[in-house]
C-alpha cells in the first residue's frame, strides 16, 4: 500500500497529491454532514430508505489499532434495548419486588417520603429525573457510557421503564408521543362522540347541497337538480299546495337552503337581470318592459333578449326547469362533468353531453342543432331544418 502511494506521489507530485487528498476529505465531510442532517433519507441510487447509523466517527474518537495491519480502532457503541419491547408477561421473568431493607435505603437517600407513601405512587408520579436528580442519559450521538447510578435500589426502580426512556436514534417511529397519554381514558366517550360530529361536519362540507324533501345530500347543484327532477317532480305535480310543503329539515344547513327555495323546490328567483341590471319593468338595454327568465337551481335571472333567446326558445324554457350556463347539466346523465363536451339545443336550451347522445358525437355540428325532444315536438320547424333550408 505504501509503495502504491509513493508511486502516485512521484508521478503527480507531493503537493498535487496533498491537494487531491484534501479535496477528497472535504467532499466526504460535506457528504456525511448532508446525510446526517436529512436522515432518514431515500437513496436515489439504490431506492432504499436509509436509516440512521453510527459509522461516522470523528478524529477525536480514534484509538490505536488492536490487530495486525490495523491503523485505527474506534470504541464500540453501547447496546441498548429497543423501546418497542414489552414487559414480560411470564411471572418467572417479571422484576423482583423490592425488599424492606431496600426501602430503608430509599428512605435514607430521600427517594421515599417518611409518611409511608408506596412505591407504586412514586412510580406513577413524575420521573425521578424531574424531581431534581441529574439526568443519567447522555446524548445519543456521543459515545460515552451511561454513568452508574449511586445505588442498587434506585437502579431497580428505574429498570422497568428504562427501555422506554432509552430512545434509540434508529427508532424513527410515529408512536413516540403515545407514552404521554398513558392512563388517560376518562374522555373516551366524549372523544367518540366528537369523532362522529366531525365526520358529519366533513360530510356536510363534501356534500353541501341537501334535498329539502328527503334530506339526501349531493356534492354539486346539478346532481341535486337531477334528483329533484327524477325523484320528486312527478309527486309534486300531483299534490296540492298544502301537501307539497317539505317536512322538517334534517340539519341546520337544510333549513338555510329551505329559506332560499320556494314551495315547489325551485330556487327563489332574483328580481333583476344579471346582464343589464334591469327588472321586469324595464330592460336597460332596450328600454322596454320584458319578463325575466330565472334559473331553477341558483335563482339568477335574465331578460330573454339579454340571453339571446329566440321566440321558440323563450316558449320552451317555460315548460321545464331551466338552468343557467353555470348550473347547466346533461339532460341524459344529469351531471355537469366535462362541461366542454356539453352541446346546447338551439330550440329549448337543454344541454347534452356529445358522448351521451345516440349516436354519439366526437365534435359539435356546424350551424344550429336540435335535440330529439324538439325534433319530435317541432318537427320541420326545428332550428336544424331551418338552418338547412336557409343554406
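Cβ atoms are placed via backbone N, Cα and C, with glycine included.
Annotation source Swiss-Prot lists N-acetylalanine at 2. The SUMO2 cross-link feature in Swiss-Prot is assigned to 10, 99, 107, 108, 178, 196, 281; the stated evidence is a large-scale study or a structure entry. The region 'Disordered' annotation in Swiss-Prot covers 79-146, 165-196, 233-266. Positions annotated as compositional bias 'Basic and acidic residues' by Swiss-Prot: 100-110, 126-140, 253-263. Residues or ranges marked as phosphoserine in Swiss-Prot: 142, 200, 244, 280. The compositional bias 'Acidic residues' annotation in Swiss-Prot covers 165-174. Feature annotation from Swiss-Prot assigns phosphotyrosine to 172; the stated evidence is a large-scale study or a structure entry. Swiss-Prot lists 176 with the feature phosphothreonine. Summarising the annotation, Swiss-Prot assigns zinc finger to 209-232, 270-330, 327-377 and lists sequence analysis as the type of evidence.
In the structure as shown, the Cβ atom of residue 10 (SUMO2 cross-link) sits within 10 Å of 10 other Cβ atoms. Looking at residue 281 (SUMO2 cross-link) and residue 10 (SUMO2 cross-link), their Cα atoms lie 104 Å from each other.
Residue 280 (phosphoserine) has a Cβ environment of 14 other Cβ atoms inside 10 Å. On a Cα basis, residue 10 (SUMO2 cross-link) lies 101 Å away from residue 280 (phosphoserine). Of all Cβ atoms in the shown protein chains, 10 besides its own fall within 10 Å of the Cβ of residue 281 (SUMO2 cross-link).
The secondary structure of residue 10 (SUMO2 cross-link), as reduced to three states from DSSP, is helical. Applying DSSP to the zinc finger (327-377) sorts its residues as follows: 9 helix, 7 strand, 35 coil.
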